[in-house]
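> Handing you a structure now.
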Amino acid sequence: MDTIAAISTPMGEGAIAIVRLSGPEAIQIADKIYKGPKGKTLSSVESHTIHYGHIVDRPSDRVVEEVMVSVLKAPRTFTREDVIEINCHGGIVTVNQVLQLALREGARLAEPGEFTKRAFLNGRIDLSQAEAVMDLIRAKTDRAMNVAMNQMEGRLSALVRRLRSEILETLAHVEVNIDYPEYDDVEEMTHQILVEKATAVKKEIETLLRTSEQGKILREGLSTVIIGRPNVGKSSLLNSLVHEAKAIVTDIPGTTRDVIEEYVNVRGVPLRLVDTAGIRETEDIVERIGVERSRQVLKEADLILLVLNYSEELSEEDVKLFEAVEGMDVIVILNKTDLEPKIDTERVRELANGRPVVTTSLLKEEGINDLEEAIQSLFYTGAIESGDLTYVSNTRHITILQQAKRAIEDALSGIEQDVPIDMVQIDLTRCWELLGEIIGDSVHESLIDQLFSQFCLGK
């Protein structure tokens, strides 16, 4: 492989920026642009050490940057190659100059995710661990971070490998049965082992799939839509949950004319919070577009926060909103409790049909804790302890596990129907291959390229 280089930190002003190199010539290329005290070279130092010096533009020896350089020699590195990390002052110009000098001396600009891809190709991590790197970067809550860390440490990989080993052992018994069909006792034993092993694998796959709903919540967040008539406090609710003024709050109905999104962490529950334009009939063409978008977002929501005005009587529009969210996960919020109550709370609870109803005065910042508790209890009836289970949160993994479950079910069905043993072998092999796709043991190169292209440059 050639030697790659990229800026590994976000571009912009900051305390430190890092240029990373990885490959067989990483140390030699770095030496060409590094000037150490008393003529020290990076090739002469011990691995896993850091050194002060300057990056210079040779042959003029013009000093470009004052740096600290980490030297990490193969194979004890993330990529299992020689790795150099040049720690520069944060900024745009100088760090770019350092990168350009490295490229001029023979490094190639890395593709997105190429450092992690090399870690995978060199056997440092498997595919599920590589995907967990991106999950860790994108984690919005402590729980999501813990789930990603568990996957990075190989918890899912170990489970998948054990299941594949069980299937492989079962296939070995099938092979014996095919090779020695004349022995009835072998056939009987094979049948018993097949049922036991296949049933056990199926149960473990089902256990993993049961974690997928909460796993996806942790990974992607709940699509949470705030709805209600104009001027009931939807934007105030968004701002209270986000703790920032993201939406315009006025007394004028229809102020929010579009969909406003924000990612928030509510007691460990990641929410993709969406504030919609008030749903009502309107002649204003701009507001009408916002209302249509609100209706579309509503259809795709995981959770609805339906806001009503505590100081007004329940309107026909309010009732229609309840009808629009029938059968969905809804929390009803009676806002403006600081004003004289006029709403029929018994009628509201009747329309809520057992779903949570909380009261708030967003103006006085009252009732937010009750709302957060309702959100948490609705989705985590028992608090998730990410250390207790292996969670599946990746859509690709979920799809593969569903296919593997069907394959093992087909194998069990074939055994029950006494189909030829070599037909059962096909289904078992299919399940074994599918599970291999999760960890990258049996996956097409184009899929690998696609997965790593989603990473940021320098990772």
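Note that Cβ sites are derived from N, Cα and C of the backbone, with glycine treated the same way.
Swiss-Prot lists these features:
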type    : residues                       : note
BINDING : Arg20, Glu85, Arg124, Lys459   : (6S)-5-formyl-5,6,7,8-tetrahydrofolate binding site
BINDING : Asn231, Thr250, Ile252, Thr255 : K(+) binding site
BINDING : 231-236, 250-256, 275-278      : GTP binding site
BINDING : Ser235, Thr256                 : Mg(2+) binding site
DOMAIN  : 221-380                        : domain 'TrmE-type G'
> For a quick check of understanding: among the binding-site residues Arg20, Arg124, Lys234, Lys459, which residue's Cβ has the most other Cβ atoms within 10 Å?
Lys234
> Hey, how far is Arg20 ((6S)-5-formyl-5,6,7,8-tetrahydrofolate binding site) from Lys234 (GTP binding site), Cα to Cα, in Å?
46
> Can you tell me which of the binding-site residues Asn231, Lys234, Ser235 is spatially closest to Glu85 ((6S)-5-formyl-5,6,7,8-tetrahydrofolate binding site)? Compare CA atoms only.
Ser235
> In the predicted model, what is the mean pLDDT computed over the domain 'TrmE-type G' (221-380)?
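Within the domain 'TrmE-type G' (221-380), the model's average pLDDT equals 77.
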> Note down the number of other Cβ atoms within 10 Å of the Cβ of Asn231 (K(+) binding site), including every protein chain shown.
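Looking across every protein chain shown, the total is 20.
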> Cα-Cα separation of Arg124 ((6S)-5-formyl-5,6,7,8-tetrahydrofolate binding site) and Asn231 (K(+) binding site), in Å?
55
> Which of the three DSSP states, helix, strand or coil, fits Arg20 ((6S)-5-formyl-5,6,7,8-tetrahydrofolate binding site)?
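Assignment for Arg20 ((6S)-5-formyl-5,6,7,8-tetrahydrofolate binding site) reads strand.
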> How many angstrom lie between the most widely spaced Cα atoms of the (6S)-5-formyl-5,6,7,8-tetrahydrofolate binders Arg20, Glu85, Arg124, Lys459?
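That value is 19 Å for the farthest Cα pair.
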> Determine, to the nearest whole angstrom, how far the Cα atom of Ser235 (Mg(2+) binding site) is from the Cα atom of Lys459 ((6S)-5-formyl-5,6,7,8-tetrahydrofolate binding site).
37
> Would you count the other CB atoms within 10 A of the CB of Ser235 (Mg(2+) binding site), including those on all shown protein chains?
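There are 23 of them.
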> State the three-class DSSP label for Ser235 (Mg(2+) binding site), counting H, G and I as helix, E and B as strand, and everything else as coil.
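Reduced to three states, the DSSP call for Ser235 (Mg(2+) binding site) is helix.
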